[in-house]
Amino acid sequence: MEVLIVNESKHAAPRKFIQTWMQLVVTELKRKKVLKAEQARRELTLVFLDKKPAQKINMEFRGKNYATDVLSFDSMDPGSLGELVLCPEVLKRQSKEHGLTYQQELGYMLLHGVLHLLGYDHETSEAEALEMFGIQDAAFEVLLKKVSAK
């Protein structure tokens, strides 16, 4: 999967971590048969925004007037898996709340966003939420071990 990073925030995007993490995500989701080989060949765009623009997009597309950690947008381009919009300020705050490093929180939300792009939705039903978070948490545990081993 080719990952394009567009950083429009005042925070540096950890590009090397993102590239390594996303390679591991692809491998793990293919292993779990959640990601098809054809989907793994698509491009993924990551956009990093500061709080105000992230809040504006969240309001426009979800009707929620606050900046959120990650938003996912499907693509009409058959060569693209979609786009994830992330807010580093929210991720940094959440990492402290969750007892994770910033990169771990970013990794968790990248995984979360990719699952949304693959059709998983935790807001539709409790059963779907359990399925999505089950996949996400199990994959995250495996991925953390692989990243710390590198």
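Cβ coordinates come from backbone N, Cα and C, glycine included.
For H112, H116, H122, the entry in Swiss-Prot reads Zn(2+) binding site, with the evidence type sequence analysis. For H116 (Zn(2+) binding site), the same-chain residues that are 6 or more apart in sequence and have a Cβ closer than 8 Å to its Cβ are S72.
The Cβ centroid of H112, H116, H122 marks the Zn(2+) site; residues of that chain outside this set whose Cβ lies within 8 Å of it are V70, S72, G113, L115, Y120, D121, M132, Q136, given in sequence order. Set side by side, the binding-site residues H112, H122 differ in how many other CB atoms lie within 10 angstroms of their CB, and the most is found at H112.
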